[in-house]
Amino acid sequence: MLARKSIIPEEYVLARIAAENLRKPRIRDRLPKARFIAKSGACNLAHKNIREQGRFLQDIFTTLVDLKWRHTLVIFTMSFLCSWLLFAIMWWLVAFAHGDIYAYMEKSGMEKSGLESTVCVTNVRSFTSAFLFSIEVQVTIGFGGRMMTEECPLAITVLILQNIVGLIINAVMLGCIFMKTAQAHRRAETLIFSRHAVIAVRNGKLCFMFRVGDLRKSMIISASVRIQVVKKTTTPEGEVVPIHQLDIPVDNPIESNNIFLVAPLIICHVIDKRSPLYDISATDLANQDLEVIVILEGVVETTGITTQARTSYIAEEIQWGHRFVSIVTEEEGVYSVDYSKFGNTVKVAAPRCSARELDEKPSILIQTLQKSELSHQNSLRKRNSMRRNNSMRRNNSIRRNNSSLMVPKVQFMTPEGNQNTSES
């Protein structure tokens with residue numbers, strides 16, 4: 001059988017195969033850099049190979065609070081069920097040892113009414129009734145159908161023990177639920193940070209800036225901001241320090257170093273000789289393996305609990321030569337905040353060199369500002385010339401349209417032979 005000929009020419013197939021072989025190898029996308037603090041404020045750290053797990057049980061209350069909600073609710077339910085079942089078994093054993101169960105089984109009708117003074121617990125005939133009595137004792141429901149008598153001192157001991165255990169379980173579990181609902185990090189959900197940080201010139205100095213705001217009307221009392229740079233460093237002895245933390249001072253004119261977070265604020269750090277960013281230029285920033293961690297702490301006005309909000313900025317999230325736009329305006333005697341522009345930035349003139357080079361050569365800043373002013377003036381000239389050209393073109397088009405709309409004059413003869421001119 002003859003083979004079917006291909007519809008595609010063989011020359012085209014060979015050329016296509018050769019072209020695919022000559023293609024450059026595909027470069028994999030660069031993996032995202034690991035960060036210690038996520039944008040949401042969670043710590044991106046995994047604990048492995050912990051041998052002494054029993055240390056968590058030494059502080060059982062904190063362990064219960066730190067658990068997830070589904071685990072906490074399961075433990076909450078199981079603690080009550082297990083205590084009810086445990087004491088139900090004890091009540092059934094007390095009734096069984098005293099012979100109350102056999103007494104209820106042997107006698108019936110009017111004879112059972114005489115047993116109320118001789119049994120330990122009235123109306124406990126089976127394990128089900130013992131379980132119901134255990135719930136009534138611990139939760140203090142008090143239906144009245146089952147009650148204790150003075151016949152069994154052991155039953156009195158079990159009653160006291162169950163009350164003590166029930167109070168302990170209520171205190172621990174209800175306190176755990178309350179602490180989980182009133183945790184301080186819940187308040188931090190309404191404390192927001194700008195997605196990007198910027199580096200620009202302010203008051204003649206290069207500054208690292210970011211914006212922070214509070215969405216609630218209730219204030220954060222004694223709010224303070226701390227900034228740290230975390231990066232990998234190598235000592236002169238060759239030791240590699242994977243987590244090297246360096247504090248960054250915050251430029252705050254208030255001596256107490258607290259901020260009044262009534263409206264979104266731009267937190268500024270002046271890049272000077274004390275700053276870890278002093279030797280970093282715009283070109284070096286893209287290759288830097290650093291992370292700027294921001295910590296906002298304060299006291300919640302309504303609850304008095306100390307709260308903390310965190311975020312971080314890696315090198316890719318720091319915009320050089322940008323500035324935050326203004327979002328606070330005054331409208332009819334009231335200050336208004338437009339949160340839709342919370343993280344918006346605009347490009348501004350900023351030298352691309354490091355702060356060290358800027359201190360050594362202050363003329364760089366003057367030249368940058370002059371170039372920016374010239375480019376701004378040129379853009380204004382171009383804009384004005386474009387406006388003039390557009391207006392001239394518009395006027396010319398209007399004139400042409402008016403000339404085309406002029407009404408022509410028509411001449412016609414009257415019966416007397418005179419010519420009259422009229423416009424149609």
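Cβ coordinates come from backbone N, Cα and C, glycine included.
The annotation compositional bias 'Low complexity' is assigned in Swiss-Prot to 387-404.
What Swiss-Prot records for 127-138 (among others) is intramembrane segment.
Residues of the same chain lying 6 or more positions beyond the ends of the intramembrane segment (139-145) and with a Cβ under 8 Å from any Cβ of it are 123, 166. Under the heading intramembrane segment, Swiss-Prot lists 139-145 (among others), citing similarity to another entry as support.
The phosphoserine annotation in Swiss-Prot covers SER6.
Taken from Swiss-Prot, the feature region 'Disordered' covers 375-424.
The motif 'Selectivity filter' annotation in Swiss-Prot covers 140-145 and rests on similarity to another entry. Sorting each residue of the motif 'Selectivity filter' (140-145) by its DSSP state yields 0 helix, 0 strand, 6 coil.
In the predicted model, the topological domain 'Cytoplasmic' (1-69) shows an average pLDDT of 66. The feature topological domain 'Cytoplasmic' is assigned by Swiss-Prot to 1-69 (among others), with similarity to another entry given as support.
What Swiss-Prot records for 95-126 (among others) is topological domain 'Extracellular'.
Annotation source Swiss-Prot lists topological domain 'Extracellular' at 146-154 (among others). DSSP states for the topological domain 'Extracellular' (146-154), grouped as helix (H, G, I), strand (E, B) and coil, give 2 helix, 1 strand, 6 coil.
The topological domain 'Cytoplasmic' annotation in Swiss-Prot covers 177-424 (among others) and is backed by similarity to another entry.
Residues or ranges marked as transmembrane segment by Swiss-Prot on the basis of similarity to another entry: 70-94 (among others).
Annotation comment: Swiss-Prot describes 155-176 (among others) as transmembrane segment, evidence class similarity to another entry. Taking Cβ pairs closer than 8 Å, the transmembrane segment (155-176) reaches residues 61, 64-65, 72, 75-76, 79-80, 83, 87, 90-91, 94, 120-121, 134, 137-139, 148 in its own chain, all 6 or more past its ends.
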Same-chain residues at least 6 beyond the ends of the topological domain 'Extracellular' (146-154) with CB under 8 Å of its CB atoms are 94, 97-98, 116-124, 129, 132-133, 136
